[in-house]
Each structure stands twice: as structure tokens, then as C-alpha cells.
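> Handing you this structure, nothing more for now.
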Amino acid sequence: MPVAQGSQRGYLGKWTLIIKTITLVLAVSSGLSLGKEGPLVHVACCCGNILCHLFTKYRKNEAKRREVLSAAAAAGVSVAFGAPIGGVLFSLEEVSYYFPLKTLWRSFFAALVAAFTLRSINPFGNSRLVLFYVEFHMPWHLLELVPFILLGIFGGLWGAFFIRSNIAWCRRRKTTKLGKYPVLEVFVVTAITAILAFPNEYTRMSTSELISELFNDCGILDSSKLCEYVNDFNSTKGDDLPDRAAGPGVYTAMWQLALALIMKVFITIFTFGMKVPSGLFIPSMAVGAIAGRLLGVAVEQLAYYHHDWAIFSGWCSQGADCITPGLYAMVGAAACLGGVTRMTVSLVVIMFELTGGLEYIVPLMAAAMTSKWVADAIGREGIYDAHIRLNGYPFLEAKEEFSHKTLAMDVMRPRRNDPPLTVITQDSMTVEDVESIINETTYSGYPVVVSRESQRLVGFVLRRDLIISIENARKKQDGIVSTSIIYFTDHSPPLPPSSPSMLKLRSILDLSPFTVTDQTPMEIVVDIFRKLGLRQCLVTHNGKLLGIITKKDVLKHIAQLANQDPDSILFN
């Protein structure tokens with residue numbers, strides 16, 4: 001879920017915000033295998049981007065806007081999970097190119113305000129920030145790390161399987177006729193989900209309710225089938241129930257949960273990526289929680305019937321309460337979420353904020369790290385990175401080092417046999433000349449030079465600013481015609497009385513475009529692109545303009561150095 005390129009194409013615009021907010025409510029309540037967390041981060045970033053446009057300081061500075069988007073992403077996770085610290089760490093670990101210290105505390109403040117607002121509204125009606133709050137009565141034992149690591153392995157395998165299957169399905173959707181019928185696809189997947197989910201009570205309930213029930217530690221008054229053990233009240237001491245033999249309700253629940261697991265594993269592959277707002281946190285947690293609960297009950301029954309085995313004899317005597325199946329569900333949820341997203345630190349913090357299980361950090365860490373190692377061994381990319389590559393977004397991965405010895409002149413365009421760079425001169429081009437350049441090219445902006453002969457750089461002007469300024473001048477300014485000269489200079493020379501009015505556009509000129517020299521190492525250029533969120537960078541030699549490097553040029557260069565065909569990388 002990395003911060004998008006900007007709002008040029010409406011990724012973070014007002015219509016995206018309005019439509020996604022309305023449709024997210026409908027999508028989540030439809031019962032499809034999707035979550036609300038990813039879309040809520042997007043909605044928060046839309047709010048941040050729209051607010052940026054109200055302030056000149058942020059509207060004209062891409063780096064500052066990215067800091068606002070980082071804080072917005074933290075607020076989004078804070079609202080989605082009721083996990084403000086996890087939200088800040090998620091923004092740091094997953095979302096942001098660059099995360100300076102001032103962004104850290106600003107994100108923390110944004111997440112705090114979001115969490116406070118959520119607490120004031122009290123959406124769950126339980127006076128808590130989170131839906132999955134749990135209270136386990138027994139500590140975990142060191143030997144339980146073995147099943148926790150097994151859950152980590154399962155999470156890593158499921159994560160790698162899900163990413164490969166989902167990307168293969170999404171690629172098929174993009175390259176076949178299937179992609180032309182998105183509404184039909186949503187209807188078909190919804191119908192199949194309804195048919196498969198309805199017979200099973202665990203898939204019929206909402207995914208959040210299912211996870212909450214799986215995390216639950218069985219008490220005396222619990223009426224859930226998962227808690228239908230053979231009662232032995234004589235050995236009950238206070239709130240702690242001893243490990244007991246599973247009753248018929250538990251065995252029925254196990255079969256239903258196994259079927260629910262198979263259904264969730266496969267239906268999520270086809271649901272994520274449809275043309276509806278869909279998150280992945282809740283479905284992934286559901287898969288892990290089901291697997292964890294199944295394993296937890298299995299270990300619990302093993303300890304009950306074989307408490308004299310060497311592995312149980314030291315810490316699990318008959319009638320003791322030593323295995324907590326709800327904890328296994330919690331660890332499994334973290335493992336599967338880690339396998340899909342490859343989050344580590346933020347995942348563990350989100351999980352213990354989400355459940356209140358502070359003393360279970362070590363099992364959560366063990367499962368999260370194991371799932372990441374296993375998933376990374378099969379495929380390096382998390383689900384977000386895989387979808388970025390599939391959709392052709394020009395995103396520079398901040399986690400990978402660039403260690404090659406190439407220079408800016410090796411990457412810049414124009415190349416040796418290319419036509420010269422399209423430029424605008426500061427005081428010798430007419431409105432008609434500039435309009436023809438705009439019509440003949442699709443570039444997002446143009447360098448402004450003193451003259452074609454000197455090529456000395458003055459600044460950079462954006463295409464959209466040029467179009468708007470010329471349109472406004474033609475409508476509102478007297479005497480502006482096609483032969484009017486455009487000036488980007490401070491002072492314009494006096495004109496003969498017969499000549500048309502001049503058009504002064506210095507106000508839209510960026511006088512400090514980012515420039516590097518032709519001898520700048522590409523390692524530094526890549527770092528600049530990452531940390532400042534640049535779209536393009538001009539290349540000069542002694543103040544003379546030589547060429548331009550765009551983010552797409554950088555990505556193609558990196559692909560070329562990795563022995564990939566640079567032309568095979570398609571950008572949207």
C-alpha cells in the first residue's frame with residue numbers, strides 16, 4: 001500500500017474519497033471475503049491530499065505533501081484497528097519512501113487524534129478502541145513455541161501461495177476479456193461466496209465476528225460450540241477452567257472450521273483485486289485464526305489425554321489449565337498476515353494493540369518472523385509490491401540498495417541518436433509556439449532556457465499550469481492572441497505600439513527545479529528520487545541543460561542492470 005505518485009489522475013482526489021467511502025460500507029457489509037483496513041488508509045490519504053491543496057506550503061512542495069500522506073496513512077490504520085502506535089509503525093515500515101523524525105511525531109499526533117475521535121464515538125459499544133480485545137488467564141509455556149513456529153511456517157506458505165495465485169488471477173483479468181466485465185465478475189464472485197458461505201455458520205457470520213469468536217478464551221458461561229467441553233465443575237477454581245475433554249459441539253465446530261478454512265483460502269484469491277474497495281488484513285487474519293484455533297484445540301486435547309508425556313509432564317498436570325486455544329488463533333492470525341504483507345514490527349504492535357495481549361509479544365514475534373522467512377524463501381515480494389509491479393506504477397522500492405557505478409549521463413534522455421530535448425525559451429516564443437509544443441508532446445512539464453543557442457537553464461514549468469494560464473489569458477486578458485510573446489523573465493522590453501500584448505508567466509515558473517550534473521553517480525540520483533519523491537530531475541553541465549531523468553527512466557535503468565528487458569516494464 002505505498003504512497004501513490006500524486007493526485008494527477010485522481011488517485012487521491014475528492015471523487016475517489018466520496019465513492020470509496022460509500023462503496024466501502026456496502027462492500028464490507030456484503031459478506032465478501034475482504035477487509036476495510038486497506039481502503040481506510042486510502043480514504044485517509046485522500047483526506048490528507050485534499051487538505052494539502054488548501055495550503056500553498058503543501059500544494060507546491062511534493063516532499064511536504066508526502067509527509068502529510070505518511071501521517072494520513074498512520075491515522076487510517078489507527079482508525080481501522082484502534083492501534084495508533086501500530087499505525088505509525090505501519091506508515092514507517094510499509095508506506096513511506098522517506099520518514100524523517102519530524103514526520104514520526106506528526107504521524108504519531110495524527111494517529112493519536114484519530115484514536116481519540118474513535119474512542120469518543122465508541123463504534124463497538126464496549127468502551128474500547130478495538131473489536132478483538134481478549135483476556136487470557138494463563139501464561140504461555142516455552143515449549144509452546146514449537147506449535148507457534150509451526151503456525152509461522154503455515155502463515156508463510158499461505159502468504160506465498162496467496163500472492164502467486166492472486167497475481168496470476170489478476171494478470172489473467174488484465175490480459176483477457178474477463179477484465180472487460182468487472183460488474184459481472186463482482187456479481188459472480190458474490191453469488192459463489194453466498195452459496196458456499198451460507199451452509200456453514202462460521203462463514204455465514206461476518207469475518208470480524210468470526211475472528212472475535214476464535215480469539216475468545218472459553219469461560220463458564222460461554223454458549224459457543226467452540227466451548228462445548230465435557231464439564232467437570234468439581235475441579236473448577238475461580239475463573240480458570242481446566243483443560244477438559246472436547247464435547248460433541250467442539251468436534252462439530254472443528255469440522256465446520258476446517259471447511260471454512262478451505263473456503264476462505266480459495267475465495268479470498270478471487271475477491272482481492274476486484275473492482276470493489278477491498279482490504280486484505282481481516283481475511284488473512286481469519287485464515288490464520290481458523291488454522292490457529294484448530295491447532296490450539298488439537299494441542300489442548302493432546303495435553304489432556306497424554307498429560308504424562310515427557311513434553312507435558314513438567315508443566316501440564318491433569319486438571320490444570322495450561323493450553324489456551326484462543327492464543328493459538330491470535331498467533332496464527334499474525335502469522336498469516338505477516339506471510340501476505342511481509343510486515344514485522346508494525347504487525348506485532350498492531351496485534352498486541354488489537355487484542356490487548358501485551359504478554360504474548362514473544363509468540364507473536366516468533367510467528368511473524370518465521371512466516372516472513374518462509375514466505376521470502378519462496379518469493380521476495382509482498383502483496384503490495386506484487387500489485388504495484390503488476391499495475392505498472394512507477395514506484396522506487398526504498399528497501400533495496402542501489403550499488404552500481406553508473407552516472408547520470410548514462411541514464412538521462414535524450415540519448416545520442418534521439419531528437420533534442422523539448423524546451424521553451426524564456427522570452428522568444430509565441431502563444432502559438434507553446435500551444436503546438438503542448439499538442440505535439442505528452443510530457444508533464446518543460447524546461448525553460450535562456451535561448452536555444454545557450455541552453456542555459458532558467459527553470460521548469462508544468463504542462464497543466466501552462467494550459468490553464470494560456471486559457472485564462474485568452475479569456476480574460478485583452479490583446480492576447482496566437483502571436484503574443486510569452487515572457488518568463490522579470491522585466492519585459494517595451495513593445496512597439498502595433499505589436500500584440502505580451503503574456504507574462506513568470507509566476508508559474510519553478511525557479512528551483514531539482515538538477516544534478518552529468519557526472520553525478522546514479523546511486524545519489526536514486527536516493528534523491530526516493531527521499532524527495534521526485535518525478536523528474538534535470539541534468540546540467542556548467543549551467544547548460546543537457547537532458548532529463550524521470551522516475552520511469554530510473555526504474556528502467558535498474559531493470560536493465562538486473563538483466564531484465566527494460567522495454568518489458570509497462571507503466572500506466
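Each residue, glycine too, has its Cβ placed from N, Cα and C.
As listed in TrEMBL for this protein:
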| type | residues | note |
| --- | --- | --- |
| DOMAIN | 412-476 | domain 'CBS' |
| DOMAIN | 502-568 | domain 'CBS' |
| TRANSMEM | 12-34 | transmembrane segment |
| TRANSMEM | 40-56 | transmembrane segment |
| TRANSMEM | 68-92 | transmembrane segment |
| TRANSMEM | 142-161 | transmembrane segment |
| TRANSMEM | 181-198 | transmembrane segment |
| TRANSMEM | 253-274 | transmembrane segment |
| TRANSMEM | 280-299 | transmembrane segment |
> Sequence gap of 6 or more, Cβ distance under 8 Å, 3 or more pairs: do the transmembrane segment (12-34) and the transmembrane segment (181-198) meet that?
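They are in contact.
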> What is the three-state DSSP composition of the domain 'CBS' (412-476), stated as helix, strand and coil residue counts?
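Counts, helix then strand then coil: 24 helix, 17 strand, 24 coil.
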> Report, as numbers and ranges, which residues of the same chain sit near the transmembrane segment (68-92): CB under 8 Å and 6 or more residues beyond its ends.
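Same-chain contacts beyond the ends: 1, 3, 12, 36-37, 40-45, 47-49, 51-52, 58, 99, 103-104, 106-115, 117-119, 128-131, 279, 281, 343, 345-346, 349-351, 353-354.
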> Within the domain 'CBS' (502-568), count helix residues (DSSP H, G, I), strand residues (E, B) and coil residues, in that order.
28 helix, 20 strand, 19 coil
